[in-house]
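Visitor: Sharing a structure, written as C-alpha cells. Questions coming.
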Amino acid sequence: MSENNQSNQNNQINKIIKSTIEEIEKKFGNESIMLLGQKEKCDVDVFSSGSYAINSALGIGGFPKGRIIEIFGPESSGKTTIALHTIAEIQKKNGFAAFIDVEHSIDPVYAKNLGIDIDNLLISQPDSGEQALEIVDILAKSGSIDLIVVDSVAALVPEAELNGEMKDQSIGLQARLMSKALRKITGSLSKNKTSVIFINQVREKIGVVFGNPETTPGGRALKFYASIRLDVRKSTNIMLNNDISGNQIRVKVVKNKLAPPFKIAETEIIFSKGINKFGEVADLALVHDVLQKKGAWFSYNGNNIAQGRQKLIAQLESNNELFEEIFQKIVEKENQKLS
C-alpha cells in the first residue's frame, strides 16, 4: 500500500472517529467520551485527608475527587478519626459532607473537637443496608455533596437478614448488596466529583493455614471499585505522665490507582484531639531535610531549636510563625515530588 493510500485511509478513519464522538456527545453529554490524553481529564482533583503524612503517602497530595475510598482495619485503630478529619478539611474549603452513621455511634463532641462544623454536617442513621446505600445514591446524584462517609460496611445489614429469623442462612446477601450498589453509584460519583469513604472492619477467615487469614466484609466488589484502600493499624500507645494519651498508628496504602501503592504513613492520634499535626510536621521536616537532627538536638537553619522530639512539638505548637515557615518548606518539597 502506498503512503498516499495509507494517509487517505487514516484520514477517513479519523473522520469516522470524530463523527462517532460527536454523535455520542450529542446523545450523552460533552464529557461522556474523550481522549485519555486530554489534559483536563488527566489532572486529578484532590482534597486533604487531614493528615500531612497520609497525604504524602497517597502520592497525589490527598484523596481523589469523584472516587471510592476504603479505610479498613481493626477496632479502635483510628479509621473513623481519619474520616472525620477529612470531613473537616472539606468544610474548610466550603464544601458539604454527609455522614451515613450505620453503626449509630458518631460522637458530636469529638467531631466538633476535630474541627467539624456539626451544624452543617448531614447525618443519616439508616435502618438497613439498602436504605443506607440508597441514600448514598441519592446524595451522589444530587451533585451538591463533596464527600459521603459510610461507617461502616460491616454494619450494612440487608433487609432480608433483618426481617428473617436468627436461624436463617444469609450467606452472600451483603456481598450482592454491595456489588449492586457500587455498580449503580460509581458513574454518579465520577460525574459529580463526589467521593465516598467506606469505613470497614477486618475479619479472620476460618481454617486458613498459609497466607493472610484476614478479610474485610462486603465481598470483593468494594476492593475492585475502590481507587484507594488504606489499611490502618494501631502500633503503640503514647504515654504522657504515665497515662495513655493516644495511639501511634500505621497507615499502609494497599491499593492506589493514581500513584504507586504500598507507601506507609505513621502518625499519632491524641485522645479527644485527633491527629497530631505538629508531630507530623516535625517528622516530615526531618524526612525532607528542612530540620536536621544531631543527637537529641533538632536544628533549623543551622540553629538548635529544641532538645528531644516532645520539646520540638511543643515549640511548633507554641510558635505559629515557626510552624508555618517550616510547613511551607515541606509543602514546596512535596510539590516538587508531585511535579
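Note that Cβ sites are derived from N, Cα and C of the backbone, with glycine treated the same way.
Swiss-Prot lists these features:
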type	residues	note
BINDING	Gly73, Pro74, Glu75, Ser76, Ser77, Gly78, Lys79, Thr80	ATP binding site
Visitor: Near the ATP site, what residues other than Gly73, Pro74, Glu75, Ser76, Ser77, Gly78, Lys79, Thr80 in the same chain have a C-beta no further than 8 Å from the centroid of the listed C-beta atoms?
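Guide: After dropping the recorded site residues, what remains is Val232, Lys234.
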Visitor: Which ones in the same chain are close to Glu75 (ATP binding site), with CB under 8 Å and 6+ residues apart in sequence?
Guide: Gln201
Visitor: Have a look at the binding-site residues (Gly73, Pro74, Gly78) and report the one with the fewest Cβ neighbours inside 10 Å.
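Guide: Among the binding-site residues Gly73, Pro74, Gly78, the sparsest Cβ neighbourhood within 10 Å belongs to Pro74.
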Visitor: Go through Ser76, Ser77, Thr80, the listed binding-site residues, and name the one with the sparsest Cβ surroundings, counting other Cβ atoms within 10 Å.
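Guide: Lowest Cβ count within 10 Å among the binding-site residues (Ser76, Ser77, Thr80) is Ser76.
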